[in-house]
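S.K.: Can you read through this structure? Questions will come right after.
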Amino acid sequence: MNTLPASSSPATAPHTQEDRPLSGAAHPDHPLHWTLYGCEMVATATLMICGVISVAVLTAPQGAVGAFLAPHPIIQIALCGLFFGLSGTVAAMTPFGRVSGAHVNPSVSLAFALSGKLGWVDLCGYVIAQMVGACLGTWLLACAAMLFPSWGHLVTTAGYAATVPAPHVSIMWPLMTELVLTALLILMLYGLAGHPRFKELTPWAGGLFFLLLNPVSAWLSGNSSNLARSFAPALFSGQWTSFWIYAIGPFVGASLSVLAIRMRLFGHLEVEEARLVNFGHHGRVPSLFHPMRRHAERQEAKIQGKEG
């Protein structure tokens, strides 16, 4: 009877599993992905820097833009939503966002984890990176406030874009607002990211989403849908009123949206990997210096480098 050599037997065959953390298939020998976490931290800091600046400029009455928009509160709050949403676009278009996938939101990372596209260890890494990144970005703005008094007046008047529930309604209304808005956000992102024609629009959709929904919902909860985005401004402004709704509401909303997706209540919505930008890496970690280069292109470049 012919037998396989020991070197080719299944028990001794070399382990060839690829590391695909953004497809929920991290290599067992590499459970942590520091490049992803570091890039996500910088991307989230970028979100906060651009977002807080836009809110301060648009709302602080001592500024020219804020004074001009003050008589038009609906337009003002809609523009705040537009520019904070586009701040996510800016974060996604940086090399850091292109590497990490630009979740910049713990609710988005949780949705990917519940969908099996992000491991639980990496989920923890992403959420910590997002919280640290949000604080880092807001801290840089606070440092700028100490150096430039005029900017300091703007950003402190705007409360560092802190989200605070409406004081004269039951807390259940702001809580449900955060829950429903986050669920809608996740459904929109999945609908775009999972569609072959529309996936490239995914990082641009946040601006339109918050432009349309801010006038309806911002007066109730601030329209956060993002624990990291609410935590950092609360830390620097001291506005912790009913802060717990920004943890519970978005996380429950994200979970319910994934449940609805799995039940196919809105048709077939499925994403290939846990990213909102720079698709086509099949869960692999892109190079920071060449984030748009796909795996096959990187392998070809390595071969050419060796031949040269």
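The backbone N, Cα and C atoms fix where each Cβ goes, glycine too.
Sequence annotations record features per position, and here TrEMBL assigns compositional bias 'Polar residues' to 1-15. The annotation compositional bias 'Basic and acidic residues' is assigned in TrEMBL to 16-25. Sequence annotations record features per position, and here TrEMBL assigns region 'Disordered' to 1-25. Per TrEMBL, transmembrane segment is recorded for 41-61, 73-96, 102-120, 127-151, 171-192, 204-222, 242-261.
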S.K.: Are there three or more C-beta pairs under 8 angstroms joining the transmembrane segment (73-96) and the transmembrane segment (171-192), sequence spacing 6 or more?
M.R.: no
S.K.: Would you mind listing the long-range same-chain contacts of the transmembrane segment (204-222), meaning Cβ under 8 Å and 6+ residues beyond its ends?
M.R.: 74, 77-86, 88-89, 162-166, 169, 173-175, 177-178, 181, 184-185, 188-189, 192, 230, 245-246, 249
S.K.: To the transmembrane segment (242-261), which of 41-61, 73-96, 102-120, 127-151 is linked by the most Cβ pairs under 8 Å?
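M.R.: Against the transmembrane segment (242-261), the leading stretch is 102-120.
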S.K.: May I ask which of the stretches 41-61, 73-96, 102-120 has the most CB pairs under 8 A with the transmembrane segment (127-151)?
M.R.: 41-61
S.K.: When you scan the chain for residues with a C-beta under 8 Å from the transmembrane segment (102-120), skipping those not six or more beyond its ends, what do you find?
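M.R.: Sequence-distant neighbours of the transmembrane segment (102-120): 21-24, 26, 31, 40, 43-44, 47, 88, 91-92, 126-127, 130-131, 133, 182, 185-186, 189-190, 203, 225-229, 250-251, 253-255, 257-258, 261-262, 270-277, 283.
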S.K.: DSSP says what for the compositional bias 'Basic and acidic residues' (16-25): how many helix, strand, coil residues?
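M.R.: Helix/strand/coil tally for the compositional bias 'Basic and acidic residues' (16-25): 3 helix, 2 strand, 5 coil.
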